[in-house]
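Residues annotated as region 'Disordered' in Swiss-Prot: 1-204, 248-275, 534-563. Feature annotation from Swiss-Prot assigns N-acetylserine to Ser2; the stated evidence is experimental evidence. For Ser5, Ser157, Ser190, Ser191, Ser194, Ser197, Ser244, Ser247, Ser264, Ser265, the entry in Swiss-Prot reads phosphoserine. Under the heading compositional bias 'Polar residues', Swiss-Prot lists 24-37, 81-93. What Swiss-Prot records for Thr72 is phosphothreonine, and it gives a large-scale study or a structure entry as the kind of evidence. The annotation compositional bias 'Basic and acidic residues' is assigned in Swiss-Prot to 122-131. Taken from Swiss-Prot, the feature compositional bias 'Low complexity' applies to 142-164. According to Swiss-Prot, the feature compositional bias 'Basic residues' maps to 171-181, 248-260. Annotated domain 'MAGE' per Swiss-Prot: 279-478, in sequence order, evidence recorded as sequence analysis.
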Amino acid sequence: MSDTSESGAGLTRFQAEASEKDSSSMMQTLLTVTQNVEVPETPKASKALEVSEDVKVSKASGVSKATEVSKTPEAREAPATQASSTTQLTDTQVLAAENKSLAADTKKQNADPQAVTMPATETKKVSHVADTKVNTKAQETEAAPSQAPADEPEPESAAAQSQENQDTRPKVKAKKARKVKHLDGEEDGSSDQSQASGTTGGRRVSKALMASMARRASRGPIAFWARRASRTRLAAWARRALLSLRSPKARRGKARRRAAKLQSSQEPEAPPPRDVALLQGRANDLVKYLLAKDQTKIPIKRSDMLKDIIKEYTDVYPEIIERAGYSLEKVFGIQLKEIDKNDHLYILLSTLEPTDAGILGTTKDSPKLGLLMVLLSIIFMNGNRSSEAVIWEVLRKLGLRPGIHHSLFGDVKKLITDEFVKQKYLDYARVPNSNPPEYEFFWGLRSYYETSKMKVLKFACKVQKKDPKEWAAQYREAMEADLKAAAEAAAEAKARAEIRARMGIGLGSENAAGPCNWDEADIGPWAKARIQAGAEAKAKAQESGSASTGASTSTNNSASASASTSGGFSAGASLTATLTFGLFAGLGGAGASTSGSSGACGFSYK
């Protein structure tokens, strides 16, 4: 009883001193109490095992151990001395064990919850409680008068330990719930336990962070429920509020605005208003330019049109070119044709009645075009290519030799290797890997549009006085080429009509720039002759219903008197016809043989 009264007096005295001291002295006292409690001398990793050993020893010794301690005061002083000697060594170990136990709680999620390492204070409490259960008298005996100040704050340390146990238990439950979620895929249990544990993404939430999140949640839509919830659930709700700051309605509104912006960016902007009169005036200038440039029969480059005529209106050059093409068709009967999509080369083609050869030109150029038809026939009949040696073999039989000036053709070699090549009537290329170098002739791009293989075949058969079907391979190839060209022409005409309808061409806008007097324009005699030929062609088309053989003869005579060469071999083209037929007649006589063998150009000379 005396011991009990002394311990009560010591407790009263400790409380009086604690009220007078500041917080630092109280913490020092708590550290002293922790140091005076029995601490094993073994390393801190084996503290849990030592607790169980203390329990076993206390159970085995029983009352006898307590009796010995009560009888011998020296035995009471020995543990106190030992504890005081090891105070400096165990103080750091106890603090480190407490810190490591808190850090280990978050790392061991998949481990057994029962195997969580307890803090050092809890170990001491277990040993103290075990000794109390075995023998309460032994516990009272160990409380010596000298240790009374150290044992007096024991109730406060017990309260702190119980608080730590309460903080630890929900965390263990949260680990169990996360394990169940991993195995069974249950979301409700894990979310509730994570809310109870006060963790965010596997990390412990500090009190300051929870307070901040709670303040934010109090201003949000969950403020009513936040006032009725615990601190841990409040932290979880605050975390949810932070993760979803925008409501679903706000997100849907933002998605709609983004979709509307994307749709508006994809929609083509309305073109600015156009000055049709200005565009048509520039198109009329381009028509004059094209007629003047085509006199040389060299294809016209689009870059030249942009540089010389269109100039600053490069953003609307497709409409200017299309308007110029429409004016050429309606006024002159000429089609503006792009023959090379890569280099953007344009030529002018006649839409009037074609000649037998299919190539139109002035009277001065008619002999040259007659020679060109001979060359195209040789190339086509020899498989769409012919070597330069074969070409000159045929021309020598016609009296034409390289290096010798001719009265009609001038320098023949320059004509067929330079002028016809520049005009895109022929292609002149070197034979690969030839030594000494050899060259071949092919049809040029212009020849495919101004004439056709069927026309060339008929021209050759007319010279030979044969039916085109006798040349079976060439006739089949010519038929396939005509079908392909007709399909391409139909598709191109449809596309051109759609483009012109979209641009408003052909609806009277071509008169926006006012009437244009083409007779006074400096477009050259050939263009003026084309205007006259176009007028005659329209008149002939109107009289075609009542035309007869005599009318056809008079039409040919009138056409031969004009500068145009439309409507068969006219007087201007009679020289070409005479030259061509004379050449083939001489070639037939020179190349004739008793066996009826074929000549160099593939014709059978009989």
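Just so you know, the numbers here start at 1 and follow the chain as drawn.
Yeah, the Cβs are placed from backbone N, Cα and C, and that goes for glycine too.
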Where Ser264 (phosphoserine) falls in three-state DSSP terms: helix
Overall pLDDT for the domain 'MAGE' (279-478), taken as the rounded mean: 88
Cβ packing number for Ser264 (phosphoserine), 10 Å threshold: 9
